[in-house]
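K.L.:
Below are the features I grabbed from Swiss-Prot:
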- 9-29: transmembrane segment (TRANSMEM)
- 35-55: transmembrane segment (TRANSMEM)
- 89-109: transmembrane segment (TRANSMEM)
- 110-130: transmembrane segment (TRANSMEM)
- 138-158: transmembrane segment (TRANSMEM)
- 164-184: transmembrane segment (TRANSMEM)
- 188-208: transmembrane segment (TRANSMEM)
- 228-248: transmembrane segment (TRANSMEM)
- 269-289: transmembrane segment (TRANSMEM)
Amino acid sequence: MNAKIRAYVALMKLRVVELLLITTVPVMMLADRGMPSLWLIAVTLVAGTLAAGSANTINCYVDRDIDQVMGRTKRRPLVRATVTPTEALTFGIVIGIVSTLMFGLLVNWPSALLADGAIAFYVFVYTLGLKRRTPSNIVIGGAAGCFPVLIGWSAVTGTVGWSAVLLFAVVFFWTPPHFWALAMKFRDDYAAAGIPMLPVVAPVEVVTRRIVGYSYAMVAASLALVPVAHTGPVYLVSAVVVGAWFLAEAHRIDRRTRRGDDPRPMRLFHMSITYLTLLFVAIAVTAVV
């Protein structure tokens, strides 16, 4: 029984969910211009975890054929037959329904609709539509990971404001550099599975140039938040400092690639997580000072 429970938890990919939820609470604080009720935060986080877990579980169900090919994913529960495909799909659908009801009945229905939209986008647009067909898969499909900022804002206000849209843009432009760095490291895995990630189908110099381009767009979106959300000097200084750090790392990986050196892409991958965390911590601080 414990093995089965662990398998269901693994299907939800909670380490990925953690990163998504890092953005939710600061956005709720910014929308509230203070600290929302702990009850609202708790319900939003639990329901958001279930929504993301639902999308991830259904993704594992759809991708079980390629997961057994990739070294990075071959120990997932469906590959090891810890749970059956039917059990996994049922679990994913059930927790998605629970998430919708929690958002709708305990938060508000706009947030429920956004959560459902995130699940549908990730499953149908990214997993079933783009992932195996185009190197733009993560560029377009990555929008699913941006929904938590919209949900966080909506949970507090019942609407989606321009500040939330800009933060959506920050995460949207952050996603390609983050995942392309990972795909550079595991290029052979993706190639063996037939997934046309950009590092699989394009020269590495093209990949690193695009990483630099998306990094500038991300930093620009983060700075545009200052006049729109009136975030003040604490956020401005933080966004400039961590943005400059990210751009320096993006240029470093591009330079090393052009020199023919090992680009060490996982360095960018890990620091991108730190960047996003620090930026949203600055948003949280701004909301309460």
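Positions of Cβ are set from backbone N, Cα and C atoms, glycine also.
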K.L.:
With CB pairs under 8 Å as the measure, which of the listed stretches 9-29, 110-130, 228-248, 269-289 comes out on top against the transmembrane segment (164-184)?
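P.N.:
Most Cβ pairs under 8 Å with the transmembrane segment (164-184) come from 269-289.
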K.L.:
Out of 35-55, 89-109, 138-158, 228-248, which stretch has the largest tally of CB pairs under 8 angstroms to the transmembrane segment (269-289)?
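P.N.:
Counting Cβ pairs under 8 Å, the winner is 228-248.
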K.L.:
Six or more residues out from either end of the transmembrane segment (9-29), which same-chain residues have a Cβ under 8 Å from its Cβ atoms?
P.N.:
35-36, 40-41, 44-45, 48-49, 52-54, 56-57, 60, 76-78, 83, 88, 91-92, 95, 145, 148-149, 151-153, 155-156, 164, 167, 171, 273, 276-277, 280-281, 283-284, 287-288
